[in-house]
Amino acid sequence: MQKPDLSVEIAGITLRNPVMTASGTFGYGEEFSEYVNLEAIGAIITKGLSLKPKAGNPTPRIVETTGGMLNAIGLQNVGIDAFVEKKVPFLRTVATPVIVNFFGNTLEEYAELAERLDLIPEVAAVEINISCPNVKHGGIVFGTDPKAAYSVVKAVREATIKPVIVKLSPNVTDIVEMAWACADAEADALSLINTLTGMAIDLDKRRPILANVTGGLSGPAVKPIALRMVWQVARAVKIPVIGIGGIMTGIDALEFMLAGATAVQVGTANFLDPGAAGRIAAEMERYLADNGIADVKEMIGALEV
């Protein structure tokens, strides 16, 4: 039997395999290039980008938990100007599609970032982080209100011709309602889930461990929730879904594809093993070969319910 075909397509972009690196866990790609074969990865998703540099939250801002980790990094990043000057030159040398994750605090910030990124040919697509407060409307998080989510996706859609992926927050009552709002605003794909809000407490000090008090929970602990949400959303929308949440092995990734994901993102696993994304792709290939499956696309949405 020939080697299985691992290629998939997201919004017109062909990926050599379905495994992407999740934003915030792989820097801007260059940081991992000495340790990882970037061409073993389907796509690189950069650390979240904002208009101005962001210092992030005070420490401590990471804590291990049972089956995962909490992070309160605070979206620390270099800002769009330094990204263009210092990060893009390296991206020109990479043969793997680069997707830039970005965020804002107003519709205008989202639109301006989309316009700036639209001018960079090395950027294959954008991923919008909508888990941010809208400072002009009482601080409500864009990603927890369908109307706000629609507005921000629409603003980005009108500002760029690049494919637009929207990263959905799981901290909502109805993830499908959020997915519909983003699809109606002409998103090209949806990625989910972002982290779940959690906290950790130091019993002896009687204080939160994280300086920010709360943080985002990721890792294997969130996988069952992520699988359920991916399954719900994939059945509800006609655009591709990218699965995220506790993917540590090729088996995990293929489970997300059965639930309806066209591709997956690997996040927390990168902290444990910088080569996790490439390893997971290889494990997927091995499973397909061992089970006589010629094309990974046969797995997408093949869950029997």
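Just so you know, glycine gets a Cβ as well, placed from its N, Cα and C.
The feature active site, nucleophile is assigned by Swiss-Prot to Cys132. Around the Cβ of Cys132 (active site, nucleophile), 22 further Cβ atoms fall within 10 Å across all displayed protein chains.
Residues annotated as FMN binding site in Swiss-Prot: Ser23, Lys47, Gly48, Asn101, Asn129, Lys167, Ile193, Gly219, Gly245, Gly246, Gly267, Thr268. Applying an 8 A CB threshold to same-chain residues 6+ apart, the list for Ser23 (FMN binding site) reads Ile45, Thr46, Lys47, Gly48, Asn101, Glu127, Asn129, Lys167, Gln265. Under the DSSP three-state reduction, Ser23 (FMN binding site) is assigned to coil, being neither helix nor strand.
The Cβ of Asn129 (FMN binding site) has 24 other Cβ atoms within 10 Å, all protein chains considered. Annotation comment: Swiss-Prot describes Lys47, Asn71, Ala72, Ile73, Gly74, Leu75, Asn129, Asn194, Thr195 as substrate binding site.
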Binding-site residues: Ala72, Ile193 - member with fewest neighbouring CB atoms within 10 Å: Ala72
Among Gly48, Gly74, Gly267 [binding-site residues], residue with fewest other Cβ within 10 Å: Gly74
Of Lys47, Gly245 (the binding-site residues), the residue whose Cβ has the fewest other Cβ atoms within 10 Å: Lys47
Number of other Cβ atoms within 10 Å of the Cβ of Thr195 (substrate binding site) across all protein chains: 26
